[in-house]
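Trainee: One structure is given below, represented as structure tokens, and several questions about it will come after.
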Amino acid sequence: MIPVINQEKQGISGDFRLSVAPMMNWTDRYCRVFHRVLAPSARLYTEMVHAKAVIYGDRERLLGFASVEQPVALQLGGSEPALLAKAARIAVDWGYSEINLNCGCPSDRVQAGSFGARLMREPALVADCVAAMAAVVSVPVTVKCRLGVNEDDDYGRFAKFVDWVSRASSSRMIVVHARNAWLQGLSPKENREIPPLRYDWVYRLKRERPELAVVLNGGITSVEAGLDHLLMVDGVMLGRAAYQDPYILHQFDCALSNAPLLPRALLLRALRPYVEVWLEQGLTLRHIVRHLFGLFHGQPGGRVFRQVLTQGGQRSDADWSLVEQALSIIEDQETYAAVV
């Protein structure tokens with residue numbers, strides 16, 4: 001059993017002001033517990049999991065999570081209403097508090113499976129998928145989408161897509177990555193950077209449809225920018241910034257709750273009970289420490305902290321003492337800075 005650090009602000013709620021985007025190869029269960037330590041009120045999302053994998057795959061590996069992660073949402077991939085409904089029902093049985101349908105991933109592999117961003121061209125099908133899931137679960141069923149695909153420059157088409165989706169589910173929530181998705185010519189990484197951001201479209205959507213809960217994603221790299229967006233929309237979803245500089249999650253969470261900031265080292269040490277349980281279960285440290293690399297981003301000693309974890313984490317016998325070794329470098333730097 002995974003120990004619980006602090007459940008005071010846990011539980012399933014309708015607060016979508018801060019969330020962490022579903023990111024393939026990043027937001028696994030170990031990353032999500034770390035993010036929960038940093039941001040007690042944030043909504044967390046899994047990596048995308050295809051509906052067929054949920055139905056036929058290793059559910060413990062794909063769906064297992066610690067109770068402290070709540071509220072946590074499962075992001076599903078797929079385009080077959082019946083399969084998505086079956087997968088959603090399984091996910092709710094596993095305790096997920098939200099089901100999110102991926103309509104934004106532009107990768108070739110996802111396109112070959114006829115889901116992800118290409119679904120934005122089929123709003124009626126997306127509505128059928130959402131309705132099928134909403135009919136069999138009691139938790140919110142939401143969608144994460146782009147503004148359009150390829151050279152679409154039609155706000156009306158985007159708004160129509162949202163209308164189709166929102167009418168299919170009682171949750172009335174949409175997550176929008178404020179860029180188009182290019183289905184040819186760009187890699188997934190380039191698709192997160194090259195298509196221009198159009199925050200004005202997302203603001204307009206919220207202004208014209210005030211009954212919708214609109215969450216904005218894309219290009220948010222600071223707490224200040226996120227708070228500015230919250231003047232216009234209901235929530236912000238952080239992606240790469242939350243992984244590359246995870247302390248931003250703590251800063252944002254504290255800004256929303258008017259709580260004092262805690263030192264990075266204190267937050268990291270709060271993760272120790274979880275790490276020790278995972279190690280006892282046979283996990284190697286390298287699967288965990290890769291999510292910690294950015295915690296001291298831009299801080300004195302931050303680069304060496306990462307190097308120690310990277311190199312030492314490869315050892316099969318590495319344990320929490322490696323993290324303490326890396327932290328000692330940071331604390332030595334802080335002591336030196338205080339003296340001089």
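Cβ coordinates come from backbone N, Cα and C, glycine included.
Per Swiss-Prot, the features are:
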{"type": "BINDING", "residues": "Pro22, Met23, Met24, Gln75, Lys144, His177, Asn217, Gly218, Gly219, Gly239, Arg240", "note": "FMN binding site"}
{"type": "SITE", "residues": "Asn102", "note": "site 'Interacts with tRNA'"}
{"type": "ACT_SITE", "residues": "Cys105", "note": "active site, proton donor"}
{"type": "SITE", "residues": "Lys189", "note": "site 'Interacts with tRNA'"}
{"type": "SITE", "residues": "Arg192", "note": "site 'Interacts with tRNA'"}
{"type": "SITE", "residues": "Arg303", "note": "site 'Interacts with tRNA'"}
{"type": "SITE", "residues": "Arg306", "note": "site 'Interacts with tRNA'"}
Trainee: Would you mind reading off the Cα separation of Arg192 (site 'Interacts with tRNA') from Gly219 (FMN binding site), to the nearest angstrom?
Mentor: 8
Trainee: Hey, does DSSP put Arg192 (site 'Interacts with tRNA') in a helix, a strand, or just coil?
Mentor: coil
Trainee: About how far apart, in whole Å, are the alpha carbons (Cα) of Lys189 (site 'Interacts with tRNA') and Cys105 (active site, proton donor)?
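Mentor: Spelling it out, the Cα of Lys189 (site 'Interacts with tRNA') and the Cα of Cys105 (active site, proton donor) are 11 Å apart.
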Trainee: What does the structure give for the C-alpha distance between Arg306 (site 'Interacts with tRNA') and Arg240 (FMN binding site)? Integer Å is fine.
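Mentor: Rounded to a whole number, the Cα-Cα distance is 17 Å.
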Trainee: To the nearest whole angstrom, state the Cα distance for the pair Lys144 (FMN binding site) and Asn102 (site 'Interacts with tRNA').
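Mentor: Computed Cα spacing between Lys144 (FMN binding site) and Asn102 (site 'Interacts with tRNA') is 5 Å.
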Trainee: Minimum Cβ neighbour count within 10 Å among the recorded positions Lys144, Arg192, Arg240, Arg303, Arg306: which residue?
Mentor: Arg303
Trainee: For a quick check of understanding: among the recorded positions Asn102, Asn217, which residue's Cβ has the most other Cβ atoms within 10 Å?
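Mentor: Per the Cβ count, the most surrounded site is Asn217.
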Trainee: Roughly how many Å lie between the Cα atoms of Gly219 (FMN binding site) and Cys105 (active site, proton donor), rounded to a whole value?
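Mentor: Roughly 16 Å, rounded to the nearest whole number.
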Trainee: Sorry to bug you, but what's the C-alpha spacing from Arg240 (FMN binding site) to Asn102 (site 'Interacts with tRNA'), rounded to the closest Å?
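Mentor: Distance (Cα to Cα, whole Å): 17 Å.
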Trainee: List the residues of the same chain that sit at least 6 positions away from Cys105 (active site, proton donor) in sequence and have their Cβ under 8 Å from its Cβ, in sequence order, or write 'none'.
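Mentor: Cys105 (active site, proton donor) has long-range Cβ partners Met48, Gly77, Phe115, Gly116, Ala117, Ala181, Pro188.
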Trainee: Rank the binding-site residues Pro22, Gly219 by the number of other Cβ atoms within 10 Å of each Cβ and report the first-ranked residue.
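Mentor: Result of the Cβ crowding comparison: Pro22.
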